[in-house]
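Participant: For reference, Swiss-Prot lists these features for the protein:
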- Tyr143: active site, proton donor/acceptor (ACT_SITE)
- Gly14, Gly15, Ser16, Gly17, Leu18, Val19, Gly20, Lys147, Pro170, Thr171, Asn172, Val173, His186: NADP(+) binding site (BINDING)
- Lys194, Trp208, Arg215, Asp277: substrate binding site (BINDING)
- Ser114: site 'Important for catalytic activity' (SITE)
- Cys116: site 'Important for catalytic activity' (SITE)
- Lys147: site 'Lowers pKa of active site Tyr' (SITE)
Amino acid sequence: MGEPQGSMRILVTGGSGLVGKAIQKVVADGAGLPGEDWVFVSSKDADLTDAAQTRALLEKVRPTHVIHLAAMVGGLFRNIKYNLDFWRKNVHINDNVLHSAFEVGARKVVSCLSTCIFPDKTTYPIDETMIHNGPPHSSNFGYSYVKRMIDVQNRAYFQQYGCTFTAVIPTNVFGPHDNFNIEDGHVLPGLIHKVHLAKSSGSALTVWGTGKPRRQFIYSLDLAQLFIWVLREYNEVEPIILSVGEDDEVSIKEAAEAVVEAMDFHGEVTFDTTKSDGQFKKTASNSKLRTYLPDFRFTPFKQAVKETCAWFTDNYEQARK
């Protein structure tokens, strides 16, 4: 059984980020139901590292449900540099949000994890049972461990108080409103920004690394639909991986080619192999998702890349970069 419909007041933390904006769009485009009141907040509304501010926000909104997206995030190179900062800031945010949600009587919290939480040394495909089987990749251990702790905390809230606090594990998310910063962003938005600059200046495109690592990319608007389904229908405390299938994994080289094609770039493409590749692959199984939603249709990768590139070009001045 899903949540009884109606009488849902849903607070979305991190509402101005990539996934928050996607949920906002999907809700506005008709996915919201009568009786659902959606409240999207960002760091402008409260500093979630501060317990008193977080509690005041939750007291004010009085949500029945929370989608917790707020986090200090960054790409591979920023993670390598600031493992402690990622750990400390996020541990405060997560504890403040989860405990304030508990204190105001929220019926359900859905938090957002990441596939980087999985053990570095593992078998593939990875699934939801493997989260705590070994240490994560050393490059971003601070962020990885702090995200794992949400799963630990969810289980503890359930054991001690019977709370339905759960989490989703998306693979590599991309789409409109992403962070397109070349130094600090994730791989795909970074590539989009680089291609835009190379095209504008007539220079070559340099892709960091060998281009060989493989990733499962999920379009933010697809993820938004799945988040809403989890909020209404998924009642396990165990996390669920939200991902395209294993066969839809693409190499960084293929991702770069999709961006080059979408942006009609005709310059030279080179790979800077002095830059780190990070994990070679982190192939995730979406079989648990498919047992619940066998017919869910993901946006084809090239179409999603095309839409994201078009959004970035149209919103270049305002885009995070």
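Glycine too: its Cβ is placed from the backbone N, Cα and C atoms.
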Participant: Measure from the CA atom of Ser114 (site 'Important for catalytic activity') to the CA atom of Pro170 (NADP(+) binding site) and give the result in Å, rounded to a whole number.
Facilitator: 6
Participant: Provide, as an integer number of angstrom, the distance between the C-alpha atoms of Tyr143 (active site, proton donor/acceptor) and Asp277 (substrate binding site).
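Facilitator: The Cα atom of Tyr143 (active site, proton donor/acceptor) is 18 Å away from the Cα atom of Asp277 (substrate binding site).
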Participant: If you count other Cβ atoms within 10 Å of each one's Cβ, which of the recorded positions Lys147, His186, Lys194, Arg215 has the most?
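Facilitator: Sorting the candidates by Cβ neighbours within 10 Å, the top entry is Lys147.
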Participant: So how many other Cβ atoms are close to Gly14 (NADP(+) binding site), meaning within 10 Å of its Cβ?
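Facilitator: I count 24 other Cβ atoms within 10 Å of it.
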Participant: Have a look at the recorded positions Gly14, Ser16, Cys116, Asn172 and say which one has the shortest Cα distance to Arg215 (substrate binding site).
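Facilitator: When the Cα distances are compared, Asn172 comes out closest.
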Participant: Note down the number of other Cβ atoms within 10 Å of the Cβ of Pro170 (NADP(+) binding site), including every protein chain shown.
Facilitator: 22
Participant: Rounded to a whole angstrom, what is the C-alpha distance between Asp277 (substrate binding site) and Gly14 (NADP(+) binding site)?
Facilitator: 28
Participant: Would you mind checking how many other C-beta atoms are within 10 angstroms of the C-beta on Tyr143 (active site, proton donor/acceptor)?
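Facilitator: So the Cβ neighbour count for Tyr143 (active site, proton donor/acceptor) comes to 26.
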Participant: Find the shortest Cα-Cα separation between Leu18 (NADP(+) binding site) and the recorded positions Ser114, Cys116, Trp208, and name the residue that gives it.
Facilitator: Ser114
Participant: Through the lens of DSSP with three states only, how would you label Lys147 (site 'Lowers pKa of active site Tyr')?
Facilitator: helix
Participant: Starting from the Cα of Ser114 (site 'Important for catalytic activity'), work out which of the binding-site residues (Gly14, Ser16, Gly20, His186, Trp208) are within 10 Å.
Facilitator: none
Participant: Ten-angstrom check, please: count other Cβ atoms within 10 Å of the Cβ of Asn172 (NADP(+) binding site), all chains counted.
Facilitator: 20
Participant: Any idea what the Cα distance is from Gly14 (NADP(+) binding site) over to Lys147 (site 'Lowers pKa of active site Tyr'), rounded to a whole Å?
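Facilitator: Distance between the two Cα atoms comes out at 15 Å.
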Participant: So if I measure Cβ to Cβ from Cys116 (site 'Important for catalytic activity') and keep only same-chain residues at least 6 apart in sequence, which ones fall under 8 Å?
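Facilitator: Same-chain residues close to Cys116 (site 'Important for catalytic activity') (Cβ under 8 Å, separated by 6 or more) are Pro136, His137, Asn140, Tyr143, Ser144, Lys147, Gln279, Lys282.
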